[in-house]
Amino acid sequence: MGNRSEDKRVAILASGGDSPGMNAAIRAFVRSALWENYQVFGIQNGYEGLLENEIRELSSRDMGMIINQGGTMLGTARSAEFQTPAGLQKAAANLNAAKIDALCVVGGDGSFRGLLALSEFYKGQVVGIPGTIDNDIPGTEYTIGFDTAVQTAVEAIDKLRDTALSHGRVFFVEVMGRKSGQIALSVGLASGAEDVVIPEEKTDADVVAKRLLDGRKKGKRFGIVVVAEGDDSGGAFKLAETVQQKVGFNIRVSVLGHIQRGGSPTSHDRVWGSRMGEAAVRFLKNRMTGVFTAMRGGHIIPAYLIEATVGVRAVEPEMVQLVRIMGS
């Protein structure tokens with residue numbers, strides 16, 4: 001065990017949408033904190049659980065057999081009450097009553113906004129770990145769960161491609177990404193899609209139709225178009241209907257939905273979830289607050305929480321171009 005340098009009581013919760021690898025981060029946070037001889041507490045069901053005082057002490061054994069599990073062993077929930085001044089005051093009071101010196105939150109940009117708002121009322125240390133399959137948080141090159149979500153979608157498309165080839169069909173496959181095309185781009189590249197439609201670009205059904213028709217002229221009997229759920233055309237069904245009228249052949253639609261959030265995390269998400277969980281404890285030990293674990297250049301550094309709450313992480317133009325070249 002590490003040497004006790006101070007008495008410290010730390011807590012961790014998961015907030016917002018779950019993502020594969022959250023358990024790896026929670027496990028690493030708990031065991032790293034215990035290594036420092038901190039007392040560690042888990043808050044069940046996110047900010048809602050904090051309001052309901054669902055706080056319990058965690059042991060190293062509580063972390064057994066969870067690194068391979070999707071979702072979050074602490075549970076997660078959204079809370080309207082937490083977004084009010086009265087709710088924030090109540091949450092801070094519950095932390096103070098439990099004598100919690102520091103709070104770690106695993107979640108996306110909305111969870112980080114909540115943590116920043118809470119820090120106006122709660123004067124303990126606060127630190128975030130980016131956990132969202134969308135990989136859309138500014139200030140970090142990676143968020144826990146992205147790799148697993150991409151892998152899940154690619155495996156599904158590989159199966160769809162088999163039937164698309166057999167029947168000579170085009171499939172529009174809708175993936176998650178309400179505000180960001182990060183998943184769609186990676187899935188499109190890895191699955192060999194003919195085209196990708198993302199929120200960052202204005203959707204032009206004529207352009208999509210032309211790409212499919214150009215493929216037919218080159219002898220392609222089938223095709224895959226990956227559509228991010230947040231594209232401005234209104235989603236895969238509406239876009240497919242419009243494009244079908246222009247190309248004159250049948251288009252099928254498959255919406256992958258929440259399956260992308262589930263499943264056993266990939267080794268990549270387990271490793272980076274673990275590294276971010278340990279880094280969060282290290283930041284607390286070094287008396288940092290108002291920061292989150294950001295990956296930049298393959299390293300984990302502290303970045304201000306406020307950075308993660310402004311806008312959406314931009315897609316790389318080179319990535320967009322590469323997907324189009326590969327699908328031509």
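Cβ coordinates are placed from backbone N, Cα and C, and glycine is handled just like the others.
Annotated active site, proton acceptor per TrEMBL: Asp134, in sequence order. Asp134 (active site, proton acceptor) falls outside any helix or strand according to DSSP and counts as coil. Residue environment of Asp134 (active site, proton acceptor) contains 26 other Cβ atoms, counted within 10 Å of its Cβ in all protein chains.
Classification of Arg78 (ATP binding site) by DSSP places it in coil, neither helical nor stranded. The ATP binding site annotation in TrEMBL covers Gly17, Arg78, Ser79, Gly108, Asp109, Gly110, Ser111.
Per TrEMBL, ADP binding site is recorded for Arg27, Ala28, Phe29, Val30, Arg31, Arg161, Gly192, Ala193, Glu194, Lys218, Lys220, Arg221, Phe222. For Arg27 (ADP binding site), the count of additional Cβ atoms within 10 Å of its Cβ stands at 25 [all protein chains shown]. In three-state terms derived from DSSP, Arg27 (ADP binding site) belongs to a helical segment.
Look at Asp109 (ATP binding site): DSSP puts it in a helix. In sequence order, Thr132, Asp136, Ile137, Pro138, Ala308, Thr309 make up the list of same-chain residues 6 or more apart from Asp109 (ATP binding site) whose Cβ falls under 8 Å from its Cβ. Marked as Mg(2+) binding site by TrEMBL: Asp109.
Under DSSP, Arg252 (substrate binding site) is assigned to a strand (E or B) in the three-state scheme. Look at TrEMBL and you will find Thr132, Ile133, Asp134, Arg169, Met176, Gly177, Arg178, Glu229, Arg252, His258, Ile259, Gln260, Arg261 tagged as substrate binding site.
Confidence for the domain 'Phosphofructokinase' (9-284), expressed as mean pLDDT, is 96. Here TrEMBL flags 9-284 as domain 'Phosphofructokinase'.
Cβ neighbour count for Glu194 (ADP binding site) (all protein chains, 10 Å cutoff from its Cβ): 23. Looking only at other Cβ atoms within 10 Å, the busiest spot among the binding-site residues Ser79, Ser111, Thr132 turns out to be Ser111. Applying an 8 A CB threshold to same-chain residues 6+ apart, the list for Lys220 (ADP binding site) reads Glu194. Across the structure, Phe222 (ADP binding site) and Ser111 (ATP binding site) are spaced 41 Å apart at their Cα atoms. The most densely surrounded of the binding-site residues Phe29, Phe222 is Phe29 (count of other Cβ atoms within 10 A of its Cβ). A helical conformation is recorded for Ile259 (substrate binding site) in the three-state DSSP classification. Using a 10 Å Cα-Cα cut-off from Gly17 (ATP binding site), the binding-site residues that qualify among Arg27, Met176, Gly192, Arg261 are Arg261.
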